[in-house]
Amino acid sequence: VSTSHLQLATFALGTVGWILCTISMGSVEWRVWHVDNTTIISSGIAWVGIWKVCFISYLHVSPGYKEQFCHKFSGYDFSVPPEIYAAQGLLLIAMFTGLLGLTATIFALRNVYMGITHKTLITRFFLVGGFFYVFAGLCVLIPVSWNFYSVTHNHSIAFPPSYYMPSSPVAQEAGAAIPIGIVAVILLLLSGTFSLSYRFPVTSNAITK
């Protein structure tokens with residue numbers, strides 16, 4: 001137990017990284033668009049996420065009432081750029097594989113703290129958990145980097161008319177989901193590195209199998 005403090009920290013980092021990955025996936029603030037036409041988009045700001053696009057409108061439903069209007073993306077919206085669809089799939093994979101990594105780490109720590117000194121079993125589960133952490137981190141890194149590149153180059157999106165969105169903004173900036181995703185990547189990769197570097201301690205009481 002005294003030699004597994006790093007692995008316990010690994011579990012904590014992996015848990016926080018997985019939670020941040022989930023938050024980033026569910027957030028609508030991947031891209032913040034600034035538009036000059038405020039007829040429909042009353043605040044002049046729209047939020048483009050990986051599942052939907054939202055903005056504040058005073059006129060879309062009833063004049064004088066402030067309401068957030070959102071339009072969900074569908075598989076039939078071919079105008080939506082590939083980095084958004086890639087983010088949907090990769091972040092779902094990251095959430096699932098990150099959960100597998102946490103499960104493997106919990107099982108290995110359970111054996112450690114219960115005194116089950118099965119060298120092969122504990123080592124393998126830490127290694128499996130590390131692999132899943134690293135894989136989840138890479139699955140988050142790709143869409144975060146891709147969408148951040150699109151933001152910095154002010155890429156446009158040809159939204160259908162039903163979205164009430166212009167095809168290009170006056171300016172755009174990275175929303176909160178991107179830095180949250182970056183932190184998730186760092187934590188997941190650190191967790192994976194620590195788990196993969198685990199070595200079963202050699203003690204006189206250890207039973208190797």
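Every residue gets a Cβ built from N, Cα and C, even glycine.
Automatic, uncurated: that is what TrEMBL annotation is.
On a predicted model such as this, the values are computed, not experimentally measured, just so you know.
Here's what TrEMBL has on this protein:
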- 6-28: transmembrane segment (TRANSMEM)
- 40-59: transmembrane segment (TRANSMEM)
- 84-109: transmembrane segment (TRANSMEM)
- 121-149: transmembrane segment (TRANSMEM)
- 169-190: transmembrane segment (TRANSMEM)
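Outside the transmembrane segment (84-109) by six or more residues, the chain places 4, 7-8, 10-11, 14-15, 17-18, 21-22, 24-25, 30, 48, 50-51, 73, 121-122, 125-126, 128-133, 135-137, 139-140, 142-144, 146-147, 188, 191-192, 195 with a CB less than 8 A from a CB of the stretch. Taking Cβ pairs closer than 8 Å, the transmembrane segment (169-190) reaches residues 10, 13-14, 16-18, 20-21, 23-24, 27-36, 46-49, 94, 98, 133-134, 136-137, 140-141, 143-144, 147-148, 151-152, 154, 156 in its own chain, all 6 or more past its ends.
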